[in-house]
Amino acid sequence: MSARSFWRPGKGQSRAAVYSFLGLVSWFPVIASFNLYVAEVTRINGKSMYPFMNADRDSILRRDVCLNWKWGANRDLERGMVVTLRSPTQPENIAVKRVVALEGDVIRTKAPYPVATVMVPAEHVWVEGDGPPGTSLDSNTYGPVSKQLITGRITHVLYPFNKFGPLEWRDHKRPLVY
Amino acid sequence: MVFTHFRARPFHLTLQTFKLMCAVHLFQTHVFAVGATSGPSMCPTFAVDGDWVATDMTHARNRRKELRIGDLVQYRIPILENADGIKRLVGLPGDYVCMGTPGERGEDQMIQVPEGHCWVLGDNLTASRDSRIFGPLPLALIKGKVVARVLPYGQSGWLHNPLQSAETSQLGS
């Protein structure tokens, strides 16, 4: 086989098919890296961010689809941001929560946390779901979480279309720090 | 020839290099990686400087459920930004571990490692930043299991778990 035929497949159709398949496969690592480190389209499961997300969860099975921005997700966090993180208690699960307090903040905890007030330690954040206490497995159960567990930020809503656009996490009315 | 092909197409060369870099990076973060260690916390297993180790990344987050007490794990340090550490696994979820340092105040305090966490310690307890400082380590921060020493050349080889499981016959006698 001459070198030229390696780079420019011959007339054989099966060989052309193999090369086009290899050309397709060679893009998989690029797409996987993009989804891991830059952005990914994520579907929100569960009730922990209700009613901010999955607002129709009581009437239909539709789940919100969001853009999960991963680049520099655990840098320059602000109170109120909606982030995805690996659950500290279930390593294979990705959770969606709201950052409620940053390092150094003193937070008043909710049930079932055993202590009334907590100061969030260095490089950690306090995350909570939006629903009423007891509807979300969050920092009130497992305590402050390391920023290293945060995998991304929810920046845009893609579906349903009536909510399409940037996620207005700043406008969400909620007592963030007591 | 390959060379003439890419010389005529510089953009194609850049693109193929980028694709290759992505593939190599994914291999190093999800399958296998070799890297240098530094720091005194794992003396005498690893020297303060100059040791290179190989890590099996398929054990990330303990997803294969094969990590055992005594294994060496590479993890993201929970109290630092984008820094990795290598420590020895001392407790898995549900285990009771000593929170303090033997011979020091607080050595009798115990904790049950919570669900989804583990307890890691350095071999050199007097100079180690480990679970005694940052508490239980979420398994989600574990990147892989250190399986071999690569350098220095004379000491290279597989690293074996030094703990042997107790034989039931020994317990019975």
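Keep in mind that glycine also has a Cβ here, set from the backbone N, Cα and C atoms.
Per TrEMBL, the features are as follows:
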| type | residues | note |
| --- | --- | --- |
| DOMAIN | B:16-99 | domain 'Peptidase S26' |
| ACT_SITE | B:Ser41 | active site |
| ACT_SITE | B:Lys87 | active site |
| DOMAIN | B:112-150 | domain 'Peptidase S26' |
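Long-range contacts of the domain 'Peptidase S26' (B:112-150) within its own chain (CB-CB distance under 8 A, at least 6 residues past either end) are made by residues 29, 33-34, 40-46, 51-62, 67, 71-79, 84-97, 99-102, 156-159. According to DSSP, B:Lys87 (active site) sits within a strand segment.
Taking H, G and I as helix, E and B as strand and the rest as coil, DSSP gives the domain 'Peptidase S26' (B:112-150) the counts 10 helix, 17 strand, 12 coil. Applying DSSP to the domain 'Peptidase S26' (B:16-99) sorts its residues as follows: 21 helix, 31 strand, 32 coil.
For B:Ser41 (active site) paired with B:Lys87 (active site), the C-alpha to C-alpha distance reads 8 Å. On its own chain, B:Lys87 (active site) has B:Ser41, B:Met42, B:Leu72, B:Val73, B:Tyr75, B:Val120, B:Leu121, B:Gly122, B:Ser128, B:Asp130, B:Ser131 as residues at least 6 apart in sequence with a Cβ closer than 8 Å to its own Cβ. Counting every protein chain shown, the Cβ of B:Ser41 (active site) has 23 other Cβ atoms within 10 Å. Model confidence over the domain 'Peptidase S26' (B:16-99) is summarised by a mean pLDDT of 92.
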